[in-house]
Amino acid sequence: MFFLCVFLQLAALERQIFDFLGFQWAPILGNFLQIIVVILGLFGTIQFRPRYIVVYTVWTALWVTWNVFIICFYLEVGGLSKETDLMTFNISMHRSWWREHGPGCIRRVVRPSSPGVLEDYSYVSVTGCIIDFQYLEVIHSAIQILLSLIGFVYACYVISIFMEEEDSFDFIGGLDTYSYRQPPQEHVELKPVKPVGK
């Protein structure tokens, strides 16, 4: 579970970097929560805290749902459109960083020639991409789903192990000396101890 949490953390950090480069605020927030909860799961595993791992398992279900939504968003399933500003909370018109910087993409900036258009405004033309950006985003989400499902199974296993250890724990001088139905003996027979060496 420890190594899986480390691998999940690295995958979330990688995704966070590229979402920051594209100013995609909704995925940035989701990735941030993923990083925090994976740290909780890691801490729960190291410190034998099953409640933290339960929080991790609940979040994993939400994380899988979020990544399924991202896949549907970029594949434009059910009326969703990748051209909307949904991932930026309608704050800006930024898109996925992979749109202009994917493998093999040739990016050309065309300045407007009209006199009424602002100087800062430019049109970006992207051609020659080996893989379209939406498929790269889908691959990232599919990897997150796969890792999360493996993490969910391991987390459930670790929780069951922790619960078994907690149930089998015997307190020092606990219930093994007498039954809870029988009262303890009121009189204890004491035997003298002979000093050693005399």
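The backbone N, Cα and C atoms fix where each Cβ goes, glycine too.
Residues annotated as transmembrane segment in TrEMBL: 25-46, 53-77, 142-162.
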For this session: Report, as numbers and ranges, every residue of the chain located at least six residues beyond the transmembrane segment (25-46) whose Cβ falls under 8 Å of a Cβ in that stretch; write 'none' if there are none.
Result: 1-2, 5-6, 8-9, 12-13, 15-16, 19, 52-53, 55-56, 59, 63, 66, 70, 86-89, 91, 151, 155, 158
Exercise. Near the transmembrane segment (53-77), which residues from the same chain, at least 6 beyond its ends, have a CB less than 8 A from one of its CBs?
Worked result: 1, 27, 30, 33-34, 37-38, 40-41, 44-45, 86-87, 96, 134-135, 137-138, 141-142, 144-145, 148-149, 151-152, 155-156, 158-159, 162
